[in-house]
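TrEMBL annotations:
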- A:Thr225: FMN phosphoryl threonine (MOD_RES)
- A:61-83: transmembrane segment (TRANSMEM)
- A:103-128: transmembrane segment (TRANSMEM)
- A:140-170: transmembrane segment (TRANSMEM)
- A:244-268: transmembrane segment (TRANSMEM)
- A:275-295: transmembrane segment (TRANSMEM)
- A:315-333: transmembrane segment (TRANSMEM)
- A:345-363: transmembrane segment (TRANSMEM)
- A:369-389: transmembrane segment (TRANSMEM)
Amino acid sequence: MSDKRLTFKKRLHILKHHYRDKKMAPAFNAFHTFLFAPDETTHSGSHVRAADDLKRTMNTVIMALVPVLLFSMFNAGYQHFSAINGFPENFSLWNDFLTWENFWVGITTVLPLVIVSYGVGLIVEFIFAVIKGHEVEEGYLVTGMLVPLIVPIDTPLWMLAVAVVFGVVIGKEVFGGTGMNILNPALTIRAFLFFAYPTWMSGDKVWVHEAVDLAGGPDAISGETILGFLAQGHEYSYSISDMFFGFIPGSVGETSTFLILLGGLFLIFSKIASWRIMLSAVIGSLVMGLAFNGVVDQGWITETSKFYGLMSFDYWKHLLVGGLAFGIVYMATDPVTGAQTNRGKWIYGFFIGFMSVMIRVFNPAYPEGVFLAILLMNVFAPTIDHYVIRGNIKRRMKRLKNATILPKDSEGAAKELKAETI
Amino acid sequence: MLEHVELFFRSIFIDNMVFAVFLGMCSYLAVSKKVATAVGLGAAVIFVLAVTVPLNWLLDKYLLQDGALAWLGPEYADYNLSFLSFILFIATIATMVQLVEIVVEKFSPSLYNSLGIFLPLIAVNCAILGGSLFMQSRQIETLGLAFNYGVSSGIGWFLAILAIAAIREKIRYSNVPPPLRGLGITFIITGLMGIGFQSFGGMLTGGDDAAPPVEENTAVKTEEKKEIKKEIEEKEVSYNDVINK
């Protein structure tokens, strides 16, 4: 190993053989394969059919998430200063949004969330890998990036750490690790936070940096999400382009529909995520939104109803606000917990969109129903798959029964089968 | 009509027998290894609930409730036999289960064999008795609604056992740690599924009963605490004054 002609990669390779069958091998391999593509493909878990290894897949998703993360850092600062000074009158992207002050707020608030999420999650993963003696699994690379993006910005770091431990251990490791879980771990973490610490996860104080600390004082600021406004029957003051480009309050990374759309296209063209799920989820939410708009147009519900605000919300705007776009692109398409069959994906996606909008409207306690809708469909995804597969088997059996089998001989002429050959 | 629709969805999703009130867990956990068996048991539960809840509704209405015996004559109007609810309800249920058992054995011996002991045990499935008791305590008004309630809460239970059976078939290939295999992991799955079903919690009621407090914020809370502390301190001071004097 002291040979100086050896490249860094070679040295690591020698070290890998040195560590083989040792207790620390999984931990070492995890770093090794993070830096260099290994010479082996993934042979267990969800990714058994692909030619590359799972870590490349995960890294592709992270690449799709990076623009969202950067945007969220700027938006953190933008929302913070806008809540204090008021929104700028003539908004210019360079002077008001992409400034160092905004970015600095983002670094001090969003980056710690990312670090805690990755740190705690990977520690749990490494402990389990060393105890169980298998390779460290790559699944957490994406989960660790998703988690900071779907929580409110001022989530205390210890809460995040507790939730990450819960999500990784109960949501994933007890099932045997990556590729075996039934619920999306990132959403399990979000649901844990939501039900365990509701005051930090909803309301009008949690979406803007420092709003909780300043509350009650003379400098109190607040930023309610659009869905929050609607659930209480208030008006909101954001334009459609604000909603589309994401200059609105909300969970850290969910606001910019534009960047999420780009990320989604990137995932579709790199064949990582299923376009069927995304498309059918969009259709599902539009259908439900249209149905609610229809109810309002028919006059079956009056303005005094507590559901009126969200029911009269234009159907296509549901896709622009809240976490619907983020959930559809990055979490509904999870290859492990979603439906696996093609027809199953259509059904699964449709119900995600459908249920998300329904929960938004009918359940004012959870103005953000997307994560619960995806969790619910995660629960039913195996059932959908089961019946799709049963249906396929039945159809093929029928086809087999009706088929006449005429194997061709060497000259290409069809030859009738004799009874004993069947 | 609207109340029928509301009750239907409410008892399937919002008041789901398994995930909202955790009833009928024994057969839910024990017979959910295969989808086919689970479907059979689920169908049996739907049938038994659909028959027993209306029957028990009639019993409750014309025999058990306070003053239910008034149709016999004015001298019986004071009787309140509701202390007999349990024993009469369970007797109805046991009879119906016996009937189902005979029918299933006759028409589907394979299902009968795979359900095994759990078919007669439907009689003590708490979801069934629970259905009748909820029917009583929620004061369901008409026979039609009672039938609706029986069918829809049966469907809710059916969906739950169907979903967990499919999940258990899926995770058969998972590398679950040995101490958790079998029932352990099933309990964990049930809990996680419960989180998924939480999406319906507080729906329609506007989150009045099961909602997390949305309006509150922690800063206000701490201020309140401080004020209370101050008050307590002031009182202590005054008490001390009194004692010293």
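Even glycines carry a Cβ here, placed using N, Cα and C.
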Contact check, the transmembrane segment (A:369-389) vs the transmembrane segment (A:103-128), 3+ Cβ pairs under 8 Å, seq sep 6+: no
For a quick check of packing: other C-beta atoms within 10 Å of the C-beta of A:Thr225 (FMN phosphoryl threonine), how many? 27
Please work out which recorded stretch in A:61-83, A:140-170, A:345-363 has the most C-beta pairs separated by under 8 angstroms from the transmembrane segment (A:244-268)? A:61-83
Taking residues 6+ outside the transmembrane segment (A:315-333), which of them lie with a CB under 8 Å of any CB in it? 61, 64-65, 68, 146, 149-150, 184, 186-187, 225-227, 240, 243-244, 248, 250-251, 253-254, 257, 260-261, 263-264, 267, 273-274, 277-278, 281-282, 285-286, 288-290, 292-293, 348-349, 352-353, 356-357, 360, 367-368, 370-371, 373-374, 377
Under 8 Å Cβ-Cβ from the transmembrane segment (A:345-363), and at least six residues away from its ends along the same chain, one finds 227, 274, 276-289, 292, 307, 310-311, 318, 322, 324, 327-328, 332, 338-339, 369-370, 372-374, 376-377, 380-381, 384, 388
